[in-house]
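Peer 1: Can you keep this structure in mind? I'll have questions shortly.
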Amino acid sequence: MLEKYLQVHPEVKKAIEAGEPVVALESTIISHGMPYPKNVEMAKNVSKIIRENGAIPATIAIIDGVLKVGLTEEEIEFLGTSKDVVKASRRDLPFIISKKLNGATTVATTMILADLAGVKVFATGGIGGVHRGAQETFDISADLQELANTDVAVICAGAKSILDIGLTLEYLETNGVPVIGFGTDEFPAFYTRKSGFGVDYRVDSPMEVATALKAKWDLNLKGGMVIGNPIPNEFEMDYDTITNAIETALKEAEENNIAGKKVTPFLLDKVKTITAGKSLESNIELVYNNAKIAAQIAKDLADINK
Ligand code: PSU
Ligand code: MN
């Protein structure tokens, strides 16, 4: 039944069946999160980094209505250049299939498809969350509900302060989603290493994360885990520069009545322009750093499951 919709790349399929480590990657970051050609360059390098760290990369997207786990370089190039790609969250899936569209998967949808294929570890840049002003707008990313329900671990550099980080953490707490600091006691804020908010647990090794994940799922404590891995020191942005850029971007979004799924891509693009591309460089570097740790976690998880 599943095969009717889902196509797992042969190399990825072989690895999953053999219990070898696989790391899922999202595609909204390629189509809506970064401009061409940096997006495609980033996506290819991320796959390379995952291989260098002993796991198989599986970039996830929907091509002509087919759910794909593991893309070819041509498919990555297509997603990075085509204007015809829908930002696909959970509710879009049935229609992207029925209308045979192309879809880029958000964190939420990447988790769903990874789980369907049997991939448990996923690396990205940042998760969606509770937006500032959500008390009025109700703008809360579907990523958070997915983390509550779907058994996939997400390695990210925290949440950007385009979001309300405090409310995002409260939401995750309510929904029973563990929030971990990898080598830190603070939840990272994407472009910066610190957010001013603590994490539930600090862990200092990939094996410790793998052990906790195994325990969680052995006990059927459904849902994911957020592993916050701070951006490396040398790529961190200046706090005032990024804070000012985000404030300006938020103001422009409001003035232009940007709403719904357009909000996050709009803000990312504005921040990039305001910082003259510096935020994009930081964004790319933190994804690489997450890919590396995710591959190591996937490896340790595969080892303890053998
Ligand atoms: N944060 C980034 N880059 C991104 C995204 C978030 O730095 O590309 C994307 C991810 O795919 C995430 C999605 O799942 O935005 C969240 O969108 P929304 O806020 O509309 O749920
Ligand atoms: Mn939203």
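Each Cβ is built from the backbone N, Cα and C atoms, and glycine gets one as well.
The structure displayed is predicted, hence computed values, not measured ones.
Taken from TrEMBL, the feature active site, proton donor applies to GLU26. The feature substrate binding site is assigned by TrEMBL to LYS87, VAL107, SER141, ALA142, ASP143. Sequence annotations record features per position, and here TrEMBL assigns Mn(2+) binding site to ASP139. According to TrEMBL, the active site, nucleophile annotation covers LYS160.
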Peer 1: Listed recorded positions: GLU26, LYS87, VAL107, ASP143, LYS160. Which have a CB under 6 angstroms from an atom of ligand 2?
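Peer 2: If the test is a Cβ under 6 Å from any atom of ligand 2, the answer is none.
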Peer 1: Of the recorded positions GLU26, ASP139, LYS160, which one sits closest to LYS87 (substrate binding site) when you measure Cα to Cα?
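Peer 2: Nearest listed residue in space: GLU26.
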Peer 1: For ASP139 (Mn(2+) binding site) and GLU26 (active site, proton donor), determine the Cα separation and express it in whole Å.
Peer 2: 21
Peer 1: Apart from LYS87, VAL107, SER141, ALA142, ASP143, which residues in this chain have a Cβ no more than 8 Å from the mean position of the Cβ atoms of those residues at the substrate site?
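Peer 2: The surrounding set, listed in chain order, is THR28, SER89, THR106, ALA108, THR109, ILE127, GLY128, GLU146, THR264.
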Peer 1: Measure from the CA atom of LYS160 (active site, nucleophile) to the CA atom of the residue listed as 'active site, proton donor' and give the result in Å, rounded to a whole number.
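Peer 2: With the alpha carbons as reference points, the distance is 17 Å.
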Peer 1: What is the number of other Cβ atoms found within 10 Å of the Cβ of ALA142 (substrate binding site)?
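Peer 2: There are 17 of them.
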Peer 1: Would you kindly give the Cα-Cα distance separating ASP143 (substrate binding site) and LYS160 (active site, nucleophile), rounded to the nearest Å?
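Peer 2: That comes out at 14 Å between the alpha carbons.
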Peer 1: Would you say which of the binding-site residues ASP139, ASP143 has the most Cβ atoms within 10 Å of its own Cβ?
Peer 2: ASP143
Peer 1: Any of the binding-site residues LYS87, ASP139, ASP143 with a C-beta atom under 6 A from ligand 1? Give them in order, or none.
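Peer 2: So the answer is ASP143.
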Peer 1: Under a three-state reading of DSSP, tell me whether SER141 (substrate binding site) is helix, strand or coil.
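Peer 2: Going by the DSSP assignment, SER141 (substrate binding site) belongs to neither helix nor strand, so it counts as coil.
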